[in-house]
């Protein structure tokens, strides 16, 4: 699978290819991105449809052919990417490089190991390649604000999750004691699964308390979960408000170059220079 | 169905009709709106009740008669609307024009195609006509603030939905692999349906994980969904706060330039200058 | 049931009784409130326990006796209230007056109409009397802030509920068409019930979509409901923030007496007087 | 179980032990905390796994041995704690002292009372010891902000919970009347359990309304619960915003008196005065 022309391409072709494949400023680059987006979506759709028994029975042949067309296309694309970057090995080991490889590898492996059908589901990870394409468009700014808010609330959310998980462990054990195996709570992990289902207000109903004390404890847990959902929401709201406000003032201090001033700031809060 | 008098109505009648049918300032216009509101609500109720088998068996005749009374009333109203606007074709192609047509068409079509009973359910869209009536009342301002907030958070919500949908696709595939057909996860789309049911904390319980690894992955997904619901709430809160603030007062103080005054403020709250 | 001494009580006794029964400033008034609170809670507990078949079988006699003790106590209290207010008829027709009457009436009626057992459940409304007692304590301020926020967001929440209900009607009709009677969607109202169960993320699972298009539509509705829950939360957060902020500044303008100034206000926003 | 050397330890050893066991500033103290954290997590995992029947059948012996190793370790640690503090009795009666005792007691009691197997589940409370270790690390500040917000909103949340519980009692009674025993609502407490399951949007589906009026009332309750969840979220958001703001900077500018500066601010952002 070594590319023969990799040793000596005219530098112009390499740069041009890089521009088309990795950038989106030129019309060719944009067209490439749009085509790639469709190829990814269609190939993910093919993987999904192949898993549906009646569709596989009727259109299995068509889907397999489409699948190989996408695999060959993505293989060519992967090689072009390797070829157009100046340090191929660095790209191959990067996150997107690995996702690009994972998008084509299962098809080839399934040729050699005919039994490894379940491996084909790994191809669904091609979906992650969408983010590579989207990375280049205007949504990035919004995603950045969201990520800043989530990053800023990371510690608070950890504390919150720790409290939730402790409640889950203790409540799961209590219900294992109170309800017992006869009512489906046949181990502490099963009780914890039930506690998570209940506290997150999902409530599948596959395991439910049958005894009166069990239903009483469950009621308390539900009201707790109902009130507790307010905490992450409050955390994210506050951080998001901060991130949005910050995002509004993009200018740096003319005196010391510091950024991140509030919108209503008249003087730099670090050096006192008038903004 | 051409209206004979459409060519030469005295302009006074046309303007008067327009005022009654499209506006709500005059007593006659208000009375028309209230009557229309009741007619819409009653006709929607009739469509609902007709779908209930025991009621259809006993009161079918009454409902069918009421249905035709409403259809004739709405037909007359539709013609008057066509007649009273200066450019009928533009009205007929507008959103509300189409809704008005959809409100009467199914009844007539069902006369010609007696088999198309299911078409009659389309009449439920008459409900949308309510918004035409409400468009004229004071709730509009509040709806505007809500819509402004939603519009402003459109991009953030798109990013959020993209992340949710990717999680759904990948989690649905993982559960299809882990649980398999025996436990109800018989295809990737079915797994995705389950992932949406779980992540949105709806939790029907029609498909639930039975294996230990499946329940472990489900627990992780539930806690993720529980935490992630905080994100849209945070987004909307922040934008709604901004929209409310904006909607309230956009002008700065002529004295000190401070902003953010209440709508009812006469003097600047910082320097006392008259606004 | 006329009170013979109603015509001529010494005014001192009347005023003293009013102070004890209706106020909570004096030690006697506080003791009365605490005793009333316990009587209400215990009588509500008795109504609850009487509805549990095994408990009724074993302790039925005890509960019935306790029930009559509470009924007589509340009857005496009701008469004392009638007696101690200056305009008994106005009190009897007020909200709390009716609740006080409802708390004792079912027991007497069940004596005359022995079959009206289900009427006894009405006694659970005694619970509402708790709010009469709590009205007098310090929680009132907090409840006021909450109510102010809810009142301020009333219009926005109405617009929101209108949008939710329209979605419910249309989605319920669509599912009635798509899934049909065979899958439990046997009428439009049933479909609407399902749509509410789904959109509010309750998800009982008593009715679930079985067909592929039905599950697809359900998925869309769930994601919509998941996102839409952000709206009332945002509304209440914003209004609550406003109500809390308002609540912080209790002082009136020395110039014009207007209230409701922001905490950071230096001048009255109406007349410009320095605060 | 008295420690013979408790009467006369060299004060240096005692102080050194206290530093290692109770503090986390020294390398030895940090190493002790990390080791303790792992011991707690592993012993909790052992309790969990022992409750799973197949694992108990196969690895029961290993788990029991591990269990006793942890018990002996925690016993030694408990004694060292008693020994290293200056007032052992005060420590023994403190919250963490009791948790430390509860972590080792069940194992010894189960030796004497062989039937008390269910007592062993109490060992899961060892999990609470994690918070002792975490108390010493940097997450504390974040937890403090969260707790401040929850404390500040305590009264509002009490009012909210009171309203929710009253709704639950009344709705549970109404459904007991409307649906009756035949549909699973066999007592008022059962109806209240259902009302909590529904209003918190958990929706197990173990009890569901079957009659038309029951489904109508349930729909109203669901929409109420859906809207009402906005209230605690709003409360916590507002208080969290206040706590975050407070936690950040309480001091006013010496120049102009403006407040609300960031923690990292050196100059006032309004007038430029050095803070």
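Backbone N, Cα and C atoms are what each Cβ position is placed from, and that goes for glycine too.
Automatic, uncurated: that is what TrEMBL annotation is.
Per TrEMBL, the range carrying the annotation transmembrane segment out of B:35-53, B:130-148 is B:35-53. In TrEMBL, the transmembrane segment annotation falls on B:157-178 of the listed ranges B:3-24, B:157-178. Here the transmembrane segment (B:157-178) has long-range neighbours at 150, 185-196, 199, 209, 211, 213-214, 217-218, 221, 224, 228, 231-232, 235, meaning same-chain residues at least 6 beyond its ends whose C-beta is under 8 angstroms from one of its own. Proximity of distant same-chain residues to the transmembrane segment (B:103-125), defined by a Cβ-Cβ separation under 8 Å and at least 6 residues beyond the stretch ends, is recorded for 43-44, 47-48, 50-51, 67-68, 71, 74-75, 78.
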